[in-house]
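Feature annotations, courtesy of Swiss-Prot:
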BINDING   CYS18, CYS22, CYS25  [4Fe-4S] cluster binding site
DOMAIN    4-220  domain 'Radical SAM core'
REGION    342-372  region 'Disordered'
Amino acid sequence: MSIAPPPLSVLLELTHRCPLACPYCSNPIALAALREEMDTAGWRSLLQQAADMGVLQAHFSGGEPMLRKDLPELVAHARALGLYSNLITSGVAGGEPMLDQLQAAGLEHVQLSVQDVDAAGADRIAGYRNSLSKKREFAAAVRARGLPLTINAVLHRHNAERVPGMIALALEWQAERIEVAHTQYDGWGLRNRAALMPSREQLLATIDAVETARRQLGDRLAIDFVTPDYYARQPKPCMGGWGQRFVNISPRGDVLPCHAAETIDGLRFDNLRERSLADIWNNGEAFVRFRGTAWMPEVCQGCPKREIDWGGCRCQALALSGDAATLDPVCERSPIHAQVRATAEQESASPAPAFIYRRPERPAAATADPLE
């Protein structure tokens, strides 16, 4: 039996149910049904086990976590255990009564997704009418209760030029932080890659917009920025390193090293109904397989950054090369690095295909705009 340092944070994907249908959603293509979701007792046990291990943060996510009526109870339990609680939400479900309950339960932070600053563009991405106005109302309710607010803005070819507007929106809504993140191509994002991929010119413009805003705003607004991997020369560390800082719990209670890990065939993902969190974290096949550096191919073993990027993303390696155990193909040392860049350039230069919206039914078929 091995003992690994405990994760810093646990992400509780309480449900895959969501009012929105964003085509870049990181949830898996095979969404969990309501009947498959872990019950309240299961989530409470998970929080207790996490606290016992030394985990510091509990992030309540989904889907849309505010669709779970037991969310206030779970937040209160996290608070009682000394876990920092963060809500990751679309802001269009639950409303002020639920927010009051969450505040009373001890919720400490809210992350609110924003699809676009253009109302029509926001509705088109979300597949949900009047989404921006509802998010504005929710943000105002969050700030009226004195809760810290972070705006999560996901970028792609259809909204990349509106980064300055997104930053202005964060200021208007009195957010303390904004995360401006290009789409990461896993889950539904991978399925919609050709519809979402920005051009290199768009990427450079977003970099310039963020750097300009940082200079102008100083400490008035914290701005986090995540670039798209496909134009990179070096990979990003997956969740701070596979099985090192982060653990993800699916609605079914499966324990995952990252939210996309289930795409890797051949790995066994243990469930909390059958095994303890600590045992899974320390000894579970899925966590041990790519933890550390022993698994790395020779080209990674000799790299001075091997304990910085940890070989990059295993799910992306599988998606682009067919082998989860090879180096991330966005790395310039990869034999298919140029092919990855060429794919991005070709897709971004081609007409964008229709979105495949995130829906539990008929996930493999291209769908019409749900707003039409």
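Cβ coordinates are placed from backbone N, Cα and C, and glycine is handled just like the others.
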DSSP three-state call for CYS25 ([4Fe-4S] cluster binding site): helix, strand or coil?
coil
Check: same-chain CB within 8 A of [4Fe-4S] cluster site center, minus CYS18, CYS22, CYS25:
LEU20, ALA21, TYR24, ASN27, GLY63, SER90, ALA126, TRP188, ARG358
Please work out the number of neighbouring Cβ atoms within 10 Å of the Cβ of CYS18 ([4Fe-4S] cluster binding site), leaving out its own Cβ.
26
Would you mind pulling the DSSP three-state label for CYS18 ([4Fe-4S] cluster binding site)?
coil
So what's the mean pLDDT when you look at the domain 'Radical SAM core' (4-220)?
97
Name the residues of the same chain, 6+ apart in sequence, whose Cβ is under 8 Å from the Cβ of CYS25 ([4Fe-4S] cluster binding site)?
CYS18, GLY187, TRP188, GLY189, ARG358
